[in-house]
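What follows is a single structure, written as structure tokens, with notes after it.
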Amino acid sequence: MSTANPPADLVEMWTDGACKGNPGPGGWGVLMRYGSHEKTFFGGDPQTTNNRMEILAVVEGLRALKRACTVVIHTDSQYVMKGMTEWLPNWKRRGWLTADKKPVKNAELWQLLDAQVARHEVRWQWVRGHNGDPGNEMADMLANQGVASVARN
């Protein structure tokens, strides 16, 4: 975010998901910055998809915030970006069905994310993955730690 006077409660968050095999063992990672404070965390699921991990990264990042904040979420996931900024209102209006009248994939995670986003003032920022953005690179590394934490050898 490039405002001259950012809000005092501004949290910047970089999120990423990873999956080895799709489906397969997956992980999510979050880098969070609040002023001079930084926090990183990750998790994993032994049998999941990349898209589920991308959504879960944002859910877990927002869940970690104890009070309402202004949050800038940096993600390299077009799926998450478009889901939250374009598709969500239509899914909700149609009772969680797509335009083709099929159930929305990962609806339970989208509903969790929608509830978490409602607690905050959220701004979405897309970043190109694996392109040198330090926050995105850290989130990617954390997501891969999440994979490693659940992967079977």
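A Cβ is built for glycine as well, from the same backbone N, Cα and C atoms used for every other residue.
From a predicted model like this one, the values you see are computed outputs, not experimental measurements.
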Which candidate from GLU38, GLU54, GLU108 does Swiss-Prot annotate alongside ASP16, ASP76 at the Mg(2+) 1 binding site? GLU54
Given the Mg(2+) 1 site residues ASP16, GLU54, ASP76, which other residues of that chain have a Cβ within 8 Å of the mean position of their Cβ atoms, reported in sequence order? THR15, GLY17, ALA18, MET53, ALA57, THR75, SER77, VAL80, GLY129, ASN136, ALA139, ASP140, ALA143
Counting by DSSP, what is the helix, strand and coil composition of the domain 'RNase H type-1' (7-148)? 57 helix, 47 strand, 38 coil
Taking just the CA atoms, what is the gap between ASP140 (Mg(2+) 2 binding site) and GLU54 (Mg(2+) 1 binding site) in Å? 10
Nonlocal neighbours by CB distance (under 8 Å) for GLU54 (Mg(2+) 1 binding site), same chain, sequence gap 6 or more: THR15, ASP16, GLY17, TRP28, THR75, SER77, TYR79, VAL80
